[in-house]
Amino acid sequence: MKYLFAGGGTGGHIYPAIAIAKEILKNEKNAQILFVGTKKGLENELVPREGFELKTITVQGFKRKLSLDTLKTIYKAMVGLKEANNILNEFKPDVVIGTGGYVCGPVLMMAALKGIPTLIHEQNAFPGLTNKVLSRFVKVVAVSFEESVKYFKNKEKVVVTGNPIRRELLKVTKEEGLKNLGFYSDKPLIVSVGGSRGAEKINFTMVEFLKQKDKNLQVLIITGANQYEKVLEKVKTETIDIDETVKIIPYCHNMQDVYAAADIIICRAGAITLAEITAKGVASILIPSPYVANNHQEYNARVLEKAGASYVILEKDLTAEKLYKKIKYLLDNPQVLSKMRDNAQKISKIDAAEKIYKLIKSIT
């Protein structure tokens, strides 16, 4: 069978598609898989690295105000529809799967008009506009959170599957993770992750936190590449002594080690990050990004908070003092920390890729 994936822009739209594609190949060795994305998205790096073919089309998001840019966007949308149509005619997929991003619009719309079976996957608790529109035309809507169902009009099409994750994340033990990262096994490890682009408020708050931290506490700050030098400069300016219990790095390619080793993780609330930390049962303090569409990260974070798997601190309320108090409370009350871990695993859906694969087969 031939499978076409449309998704791109950010890792949050691409990683689920890759996970589903790998699940397909696990079950069908001879399956043909093609990815369609944009020319500037992260898919240009991630998809070929995983060994999949990628084709790109012209597309960009619509501005809400009428302007010259809006007219340009409409023109690009028409071009994108034509390019999507050409790819569909050439590849002749048996099914088309959309995992988010502007590229899904023209590809899924053309596929639906041609009568090709279609499925979309929504990663966030609050669905994006593109997926809400496409839900009227596709055969199945897979969602990651039970809370998402109410936002779709055609609820009979909606199936809760969870977010597909990379299976390698589950294979590393805590001892292996600590060893691989170069930390001691007899001291708690606090990890902060700002995401690939970094989060200045989280990073700078963590630098302030270092002034208060206990000597028996280990800290890993993953700054994001574009924030790394700023953070080092702030550490220098604040004259903070960094010993072997503290590591500050720009990026980590082996997040399976990080999730396995962390006692508490401080991070944003992107859907894929949350799927990964719940799968590993990591207690978390979530700082939702206020800079995303529809405030969807706070919606995601509140799901974990409601389940007792996380504490949520809004960025505007984040201080080193508040962070220190939360962390100290959790470390001083191991039964609470253990309960958070258990609650995280209870809401995880590690079989999401398998569920989505079965859904795909049910419509083809």
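Placement of Cβ uses the backbone N, Cα and C atoms for every residue, glycine included.
Listed in Swiss-Prot for this protein:
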type	residues	note
BINDING	Thr10, Gly11, Gly12, Asn124, Arg166, Ser196, Gln297	UDP-N-acetyl-alpha-D-glucosamine binding site
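Annotated features taken from Swiss-Prot, shown on the structure.
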| residue | record | DSSP class |
| --- | --- | --- |
| Thr10 | UDP-N-acetyl-alpha-D-glucosamine binding site | coil |
| Asn124 | UDP-N-acetyl-alpha-D-glucosamine binding site | coil |
| Arg166 | UDP-N-acetyl-alpha-D-glucosamine binding site | coil |
| Gln297 | UDP-N-acetyl-alpha-D-glucosamine binding site | helix |
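The Cβ neighbour count for Gln297 (UDP-N-acetyl-alpha-D-glucosamine binding site), using a 10 Å radius and every protein chain shown, is 27. Spatially close to Arg166 (UDP-N-acetyl-alpha-D-glucosamine binding site) yet at least six residues away along the chain are Tyr15, Ile18, Ala19, Gln256, Glu276, judged by Cβ distances under 8 angstroms. Cβ-based crowding with a 10 Å cutoff singles out Asn124 as the top-ranked of the binding-site residues Thr10, Asn124.
In the shown protein chains, 19 other C-beta atoms lie within 10 A of the C-beta of Gly11 (UDP-N-acetyl-alpha-D-glucosamine binding site). All protein chains considered, the CB of Gly12 (UDP-N-acetyl-alpha-D-glucosamine binding site) has 22 other CB atoms within 10 Å.
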